Every structure is written in C-alpha cells, then in structure tokens.
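Scroll down for the structure; my scribbles are underneath it.
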Amino acid sequence: MPSARRMILGHVMSGLCSKMNRTKQLPADLMETPLNRCLNTFDITLLGIGHMVGAGIYVLTGTVAREMAGPGIVLSFILAGMVSMLAALCYAEFGTRVPKAGSAYVYTYVSIGEFWAFVIGWNIILEHMLGAASVARAWSGYVDSMLGNIVANTTMEITGEMHEKLLAKYPDFLAFGVCMSYAIALAAGVKATAMINSILTTVNVVVMSLVVVLGFWYATPANWSLPEQGFLPFGFGGVLAGAATCFYAFVGFDSIATSGEEAKNPNVSIPLATILSLCVVTIGYVLVSAALTLMIPYNEINPAAALPDAFGTRGIAWAKYAISTGAICGMTTTLLGSLFALPRCLYAMASDGLLFSCFGKVNTKTQVPLLNLAVSGLCSALLALLFDLEKLVEFMSIGTLLAYTIVSASVIVLRYRPISVEETVHLAPDTPGTDEEENPSSSSQSSAVDPSSPTSEMIEIALAGRLRPQFRWLEPILGRCEPGVACSGAVLLFCVLSVAVCFQLEVSWDELYDGTWWALGLYGFLLFCLVACIVVISAHHQNTRDLQFKVPLVPYIPALSIFCNIELMVHLSFLTWLRFFIWLSIGMLVYFLYGIRNSKEGELGTSYSMLMSTQEAIRGWGATHSAGLSGGTRVTVTKIVKGRVSRKSVDKQAIIDDDDDDS
C-alpha cells in the first residue's frame, strides 16, 4: 500500500512538474494579431523615452542626491544605465524573436517554462501598476508645490492624517483623479496615444536641455568637494544603493518590448528603439544630475521639487515655470507609458489562459483591451490614493530587476537550445537531401556545402547545444548530457552562485577588504565556480538562425547582466523583499488554482500525444516517427550530425537513429 501511494504521488508530481515547465508554442504567423500594428520606429522610440523621462528626473534625482549618494548620483545613474543597457540588449534580441505583447513574460514562456513566465508576468503587472501610481503621486505633489501646498493642506483639514506607517500621510485625491483621467484618455486607441506622447516627450526633452545648459552655466565646482564629505559623502555603498533605486528611472524600455504586437516592423523597430531611447535617457539623467549637484550643495536640495528650488535659489524665477512645465509633461508621458503597458501584459497572460479569460478580450472598434485598461487604471489610482511615493518606488525596483535577470538568462538558454524536430521538418523543402531524392541528377551539385546555402544553416541547427571540438576534454563530464541541458543547468547554477557572492559581499565586505583568510578562500572558490559555469556554456555550439538582432558576446554580456541585477537586488531593504513575497504568494494562489488548469498550452497536449493521435500511430511508434520525419529531412539531419560532429558521444547518439530508417 505505501508503495502504491508513492507511485500515485510520483505520478501526480511528475505531471505537475511537466505542466509548470511546458513552454509556449508560437503561431506560424507571428505578425497576426487582433491589435493595431500602426507604430513606426520613431513612435516607439519616443514611447520609451517618454516612459523613462518623467518622475525619475524631476523627483527621484533630488531624493537620491539628498539621502543616498550626494554628488555620487552621477555614478549611480551611470551604473544603473549600464546595467539597464545589458538587459536592454537581451530584450532587443527577444523583441525580434517574439514580436508579441507581454514583454519579458512572453520571452520567459517561450524559453524557460510556464511557471517562471507567470512569476515574471505577475511581477510586470506589479511593476507597471506601482509605476503608474508613483508617477501620479509625483504629478500631484509637483502641482501642489506650485500652488503652495494648498491641495495637501485642504485634504488634511477635511480627512485628517493617516497614522499608519505603511500608508501615506494623507489620501491624495488629485493623484487618484489624474490616474483615472489618463486611463480614460488611453481608450481612444494606440495611434492617438502615440501622437500625444510624441508631443509631450518633445517638450520634455527641450526642457531637459534647458536645465543642463543653465545648470552648467551657474555651476560651482566646489559643491562636489564639500569639507569632510567630498564627492562621495555616503561612500560607494551609497552609490550602489542609489543605483538600485535609480532603476525606477529606466523601466520604460520594457514598454517598448510590450509594444511589439503593435509595431509595423518589430524586427527593426524594437531593437533600434530600445538602444536609442536608453542611450538618450542615460545621457540626459547624468547631465541633469551633474547640473543639479553643481548648482547647489547636495544637503540643500529639496527632494520634493529639486530642480525648481535649485533655480529659485539662483534667482532664475522664469526657469522655475519652464521646468515645472517640463515636469508635468514628463510625468504625464511616464504615466501614459505605464498605463499603456499594463493592460497589454494582462491581455497576453489572459490570452494564454493563465489569467481570467475576460482580460483577453479586445474592443473591435478601438483595438484596445478596454476592460484591462479600466481595471489597471482603477488599481493604480487606489495605490496612488493611499501610498507614499518613496514606498512605491522602492517596492517597484525588485520586480524590475527580477524580470531583467530572467530575460538575460533566457537569452543564454535559447541560444544553446537545439531546434525541435517539428521546427526541423519545416526546413525539409530547402535541404539538399530532399532535392537528391526528388531529382537524383542534382546530387553532384549539392554534394559540396556552400556556407551561404541552407545546408550550412542545417549544420548550425544540428550542432546547437553540443560540445565544440576544442572542448573535447569536457566529454567525460558533459558527454552524456542531452544537447542544451548542460547549458541550462550551468545558467541556473550561475544564478545561484551569483546570489551567494553578492550576499557575501554585502555581509562580509570588511573581512574581504582586510584580507581575512576564510573570506579570501570562500570568494576564490565562488568565483572559480562562476567562471567554470561560463566556460561550460561557451564550450557549446550556438543556434542563431533567423535572428535579425543578436546580443553580442553571448554568454558573457547576459551573464554580466545577471550578476549586476542580483547585486542591486541584494541592496534593497528587507521590508521590500517581505512585501514582494506577499505579492508573489497571492500570484501563486492565482496560478495553482486557475492558471495551471486553464493554460492554452495544456489544451495542445504533449508532442507524444499529438503524434500518437494521428492515423499513422496505429502502426506503432516507428511508423509515426518515420511519417513525422519523412524523406529528405530525416536523411539530411542524419548526414549533418554524422558528417560534421566527430565526437564519439555524438556518433553514438545521432539526432535520428539508423534503426528508424530501417523501419
């Protein structure tokens, strides 16, 4: 009886694991969508810039400079921008692979599996919801400061103060109204949204240029070397903490990836818009933060309205109004960007069956998911009504960093994953093996492998995920692994070791700096294991077939992105992690009670069940396999593997066994 229970439990657990690890099968026509493909590269670039340049530059700059990094905020923005660029390159490659709404959620679903895709999608929902709420709160605070705090004072006279530590000082009804108003405006359609965003972003960029020019004109270099404080008054730890918080300012390029299903030519627009917008925004943030900290000492900055007050102290009253205009425009575009991306992420998850089906409906007239927009706007408005800006910003960074980490890992996994049998079959008409069978006279012409011919592409497909010849010495360790499995395992181990290294750096940095023997030995061992993971990954062949944009230096750049993201996540506070796990626990209830049972991928069944459902299955597995790989495809793939891979382990385990040919 106990053995029977163990067998039943093992069967249930294996079925659960297979459901959690199933990947999304992409449709044959990736460009087909119920959404409106009307955005060009210019529209998408301005969408990214507008989403990134908002509350980050007008509110976050003052807070980080005053309380975290001082003049070192310049380094914080450079670090945050560099780490964001690493992740942006990975997003750009996925944008050409999968031009669908959902961004990191879809990328993870295609490469890693359903469970981690849901985790990322659930975090993206939180990220954009908090982003919209925080910007609405900043928008309200900026307008209120221009009106002499009349809104805050009147509200507290009517409602009184909220004394809960987790909540704001007073309910912000102006932020609630702003959030709902912009959600209603977005219902007009994506083209109208893009036009409004382009106009407001242009005004914002002009104001930023004005701030930089005037700031350097009135600069005082002595403000970067105050007595007993210097350029880094909070040390390099403050710079890292500032960089972790400054990630809030760079989440906009995620909305670029989300717009992939509404881009006219996503293969070109997504990577180009991602890189251009991130470069422009990083340069702008660095210049504005440098101008601010050079104009006045960092300890005299007003976090609520840093730039207007800085110019006011210099006697440039007219600049205050220009900056306030730019701030309103910038925060409006950031709010529009968050409310633009959030409904589309809900739509992508609902279309896959992981969220309630009502969120997968698109209005036929406006081609916008209106219900998603209404729910997104209401939830964001409620958060803006009750919570303070600082708590919203810190909570949002963790979800963003986690999404960046998993997307970077997904790039490595997909690069070293061998192509599936079903995908190989589609290449059969172009292979020389097929031509030989249909036209024997052409065999002499196709016997030589032309690097530019489809045959060289088939060679790359067949070798993907297998050891390179110069790394044959790893065969005793990795020779028995299926193609791609060793690379996926190395990526997982690299992430775990990165967490260990970053945590130890945070806890025992002093011991390492002093040269304590155990600290040096521990870090040496962990770094050796990290390098070993990279060596194992780079020892295998890649598959770069049909990639319009490729991340350079794979696996090194994605691995560096993973490590930097984890390092910044470690610097977030314990309360931030606690709130994150509470939100994640709610998501797990949604997934295991609804999503795992209603997933569209579960309806498709496994590859084995689909093969066995055909009429050929009556004759057994061998007949089905022969029917699935008929003719030239079976012959071609076998020839490629046997002729091009000289390793003993590969010869023993070809892609298609000779026994199948006999059957």
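Cβ coordinates are placed from backbone N, Cα and C, and glycine is handled just like the others.
What TrEMBL records for 440-454 is compositional bias 'Low complexity'.
Each residue of the domain 'Cationic amino acid transporter C-terminal' (549-599) gets a DSSP state, and the totals for helix, strand and coil are 40 helix, 0 strand, 11 coil. What TrEMBL lists as domain 'Cationic amino acid transporter C-terminal' is 549-599.
The region 'Disordered' feature in TrEMBL is assigned to 427-454.
The transmembrane segment annotation in TrEMBL covers 41-61 (among others). Residues 73, 134-135, 138-139, 141-142, 194, 197-198, 200-202, 204-205, 208, 245-246, 248-253, 255-256, 259, 263, 265, 268-270, 272-274, 276-278, 280-281, 284-285, 288-289, 292, 303-304, 306-307, 323, 326-327, 330-338, 340-341, 389, 393 of the same chain lie 6 or more positions beyond the ends of the transmembrane segment (41-61) yet place their CB under 8 Å from a CB of it.
TrEMBL lists 73-92 (among others) with the feature transmembrane segment. Proximity of distant same-chain residues to the transmembrane segment (73-92), defined by a Cβ-Cβ separation under 8 Å and at least 6 residues beyond the stretch ends, is recorded for 61, 64-65, 103-104, 107, 239-240, 242-247, 249-250, 253-254, 256-257, 270-271, 274-275, 278-279, 281-282, 285-286, 289-290, 293, 298, 404, 407-408, 410-411, 549, 551-552, 557-558, 560-561, 564-565, 568.
The transmembrane segment feature in TrEMBL is assigned to 104-125 (among others).
Taken from TrEMBL, the feature transmembrane segment covers 173-192 (among others).
Under the heading transmembrane segment, TrEMBL lists 199-219 (among others).
Marked as transmembrane segment by TrEMBL: 231-251 (among others).
Among the features that TrEMBL reports, transmembrane segment is placed at 272-298 (among others). Outside the transmembrane segment (272-298) by six or more residues, the chain places 41, 44-49, 52-53, 56-57, 61-62, 65-66, 70-71, 73-74, 77-78, 81, 84-85, 88-89, 91-92, 95, 205, 208, 211-212, 214-216, 218-221, 223-224, 226, 233, 246, 249-250, 252-253, 256-257, 306-307, 310-311, 313-314 with a CB less than 8 A from a CB of the stretch.
Annotated transmembrane segment per TrEMBL: 318-342 (among others), in sequence order.
Marked as transmembrane segment by TrEMBL: 370-389 (among others).
The feature transmembrane segment is assigned by TrEMBL to 395-414 (among others). Through the fold, the transmembrane segment (395-414) approaches residues 83-84, 86-87, 90-91, 93-94, 97, 103-104, 107-108, 110-112, 116, 119-120, 123-124, 126-127, 130-131, 134, 244-245, 247-248, 251, 254, 484, 487-488, 491, 495, 537, 543, 551, 554-555, 558-559, 561-562, 565-566, 568-569, 572, 576-577, 579-580 of its own chain, all at least 6 residues removed from its boundaries and within a Cβ separation under 8 Å.
Annotated transmembrane segment per TrEMBL: 551-570 (among others), in sequence order. Tertiary proximity for the transmembrane segment (551-570) is limited to same-chain residues at least six positions away from its ends with a CB under 8 Å from its CB atoms, namely 80, 82-83, 86-87, 89-90, 92-93, 240, 243-244, 247, 397-398, 401-402, 404-405, 408-409, 411-412, 415, 491, 494-495, 498-499, 501-503, 505-506, 530, 533-534, 537-538, 542.
Look at TrEMBL and you will find 576-594 (among others) tagged as transmembrane segment.
Annotation: stretch 318-342 has the most Cβ pairs under 8 Å to the transmembrane segment (173-192), among 104-125, 199-219, 231-251, 318-342, 576-594. Where the transmembrane segment (318-342) meets the stretches 104-125, 199-219, 231-251, 370-389, 576-594, the count of C-beta pairs under 8 angstroms peaks at 199-219. Within the same chain, the transmembrane segment (576-594) stays apart from the transmembrane segment (199-219): fewer than three Cβ pairs sit under 8 Å, each pair at least 6 residues apart. Cβ atoms under 8 Å from those of the transmembrane segment (231-251) belong to residues 51-52, 55-57, 60, 63-64, 68-73, 75-77, 79-81, 83-84, 127, 131, 134, 224-225, 278, 281-282, 285, 298, 393-394, 396-397, 400-401, 567-569, 571-572 of the same chain, restricted to positions at least 6 beyond its ends.
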